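Structure record follows, encoded as structure tokens.
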Amino acid sequence: MDAIFLQILNGLDKGSAYALIALGLTLIFGTLGVVNFAHGALFMIGAFCAVTLSRLLSLSFTTIDETRTDFLGNPMKVETPYAEWLFGPEFGAAIIDWTVPLSILFAIPVMLVVGLVMERGLIKHFYKRPHADQILVTFGLAIVLQEVIKYFYGANPIPTPAPELFRGSFDFGALLGFEANAVIYPIWRAVYFIFSLTVIAAVFGFLQFTTFGMVVRAGMADRETVGLLGIDIDKRFTIMFGIAAAVAGLAGVMYTPINPPNYHMGMDFLVLSFVVVVVGGMGSLPGAVLAGFLLGILESFASTAWAINLVPGINQIIIYLVAIVVLLTRPRGLMGRKGVMEE
Amino acid sequence: MTDQTQHTAAGPATTRARRKSQGVLGLRGRDITLMGIVLFLTLAAPFILNPFPATSGMAQFNAGYPDLMQRFVIFGIFAIGFNILFGLTGYLSFGHAAFLGVGSYSAVWMFKLLGYNIVPGLVLSVIVAGLFSLVIGYISLRRSGIYFSILTLAFAQMSFALAYSVLTPITNGETGLQVYTSDPQYLQSADAPSIPHLFGLEMRATETLRLGGWSFDLNFGYYVCAVVMVLAFYLAIRIFRSPFGMMLRAVKSNQQRMNYTGLNSRPYTLAAFVISGMYAGLAGGLMASMDPLAGAERMQWTASGEVVLMTILGGAGTLIGPVLGAGLIKYFENIFSKINDGVLHQWFAFMPDGIEDLLVGIVHPFVGKGWHLTLGLLFMLVVIFLPGGLVEGGQRIASVFRRDRKAGGAEARAAAKRNVE
């Protein structure tokens, strides 16, 4: 029982990332009808927002402390980050420690702008072109974005630690009445899961309970009629693209402590996220979220020794296997609507 | 190898009979020209690709060394095959590298079991890739559009993951499959060379020709690949011009209408998928023949993406486009990535120092390790402005010139448009 619980927990963090990326992909596909192969790159850019902020905050100046000496007997050089100098030593240190959560504030505007520029500058011209063209141009864009990041940040993964408070693991099993030390889970992964639930809830709430969201939903259902009613639906869809980019970016920001970001992390996640979207059903937001968590958990169950003994290599292929079975038996995906992309 | 079987299936007698009515070897008009261009380009490649004297500063742009030339034609074969599927039917497969990888593995297994003669290796690689693509194609082609792309992608990633992990006894996992001295090699005779060869002629045998400052490498392995590619290209022309090719085009332009007229499109698309898979297998087999090593990374989806780039860049649906695209990308990959800051400084040395540094600074991100950036940008520009690829670009330029020369510009434009279609 506790083993099952542990595997579910293990699947949640990857599942959260899948769900967030797939949610953004589906938002873009559902509103603009564009298959965005550059979405993984947006996830990666989000992660590098956190890296950028952490570099900015750790910019420091050097002063010479006459009272102390280093091991050679020279006066000690002390590096003080500007953040500590600006906000005082204690608060400054706290800011540096909390870089990753703070990056959320930094990443949202950046990702919104990136998304808007991408949509207005490039994607806009591809609405009338075939899906293959959209895939190809966004695939090219993904390569370009990835190479730009590589040029500025290098090819090596950049470790970006979580705040002190959330490092280490916690015995979640004890909390729920299992034996002590049976279910130990890294705290940050739990934070990531809760964070992703919050973001997902925010996106759904935004679509469900605001006028803007209502118009967008109406546009998703019937774009022409909404246009006939005198609503500039294109503008709203553009904003939705920005929001989708921000969701992918946030997923990336918070993922940095789990997996040090490198320039090809986007491509690694992209393929899986597409599989997730297709399994969930093209254009279905709840489907994307459900499939994201489901596949994350399935993947973690497939990685147990028991499953690998049963079917060797199952942990490597489970997601693709599920995708193939779903596509062939239930072409619309788990929760896909009728008539969406059913050529 | 597919070429030969297909060719003989048509029968030498019928070919001869057709030759009178239909031109050379069943090719007509423009196709003869195209065939001639490809033949000339591949046979003369060691000379064309080495235009600069070996000692001059421009020698770094020479691409006429055996290893690179082999890759040109091998990827040419891969792209020609991919184009038969994507260019004609419009089905965008993101998993073709799997067939290439399977081809490589089968060829190396033949080297291990039978000996270093490449013929059994190539035959087996085509057969195995064909069977593999038959299975994957049969399942994937039940869906179309983006779903088809994702299905092929999923299959290819699965093959890649399995080749890396569970199938290690067959693929030798991360190390890659290679031939060891302890392997049986039942048909390897004592006097045959212990590197890949064709009936005793070694693949890496190279004759270096020196003419003044120039030096040209004539490599046997390259010419083997070149001959195979010419045959592959010939077969592709015949497919493009056949009623079968017409059916495939019909699938692309309007599959629904085709179905309504009572034609089942599935056998046609499946045949195209298998043929292109066999081409990929052939390319993989040749790759292993040039360098008897096969690794799983050849099957990764980025490798599939590469052949997509080649085909689109050159011009999907055109005959010569994929070959051009493959050549261009492989050329950039090797030549662009060699250009470093030192070379750049040499180029701009005639400028004043400040401007020199500025220019080097501007160009730097796009060359050397950053050549992928150039590739990505180039690819985006082509997709945005030239959906027909470089071939369309060439036709546009040609039609501009023609319009200048005579008043009937509209005619030329219409002709160009027809060619694109």
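Every residue gets a Cβ built from N, Cα and C, even glycine.
Per TrEMBL, the feature transmembrane segment maps to A:15-35, A:42-64, A:91-114, A:191-216, A:236-257, A:269-298, A:304-328.
Sequence-distant residue pairs (6 or more apart) of the transmembrane segment (A:42-64) and the transmembrane segment (A:236-257) include at least 3 whose Cβ atoms are under 8 Å, placing the two stretches in contact. With a cut-off of 8 Å on Cβ pairs spaced 6 or more residues apart, the transmembrane segment (A:91-114) and the transmembrane segment (A:304-328) reach fewer than 3 such pairs and are scored as not touching. Long-range Cβ contacts of the transmembrane segment (A:236-257) within its own chain (Cβ-Cβ under 8 Å, at least 6 residues beyond either end) map to 16-17, 20-21, 23-25, 27-28, 31-32, 39, 42-51, 100, 103-104, 107-108, 110-116, 118-120, 123-124, 160-162, 166, 188, 191-192, 195-196, 199, 203, 206, 212, 215-216, 219, 265.
Distant neighbours of the transmembrane segment (A:269-298): 7-8, 11-23, 25-27, 29-30, 37, 39-41, 43, 142, 200, 203-204, 207, 220, 318-320, 322-323, 326-327, 332-337, 340-341; these residues of the same chain sit at least 6 beyond its ends, with a Cβ under 8 Å from one of its Cβ atoms.
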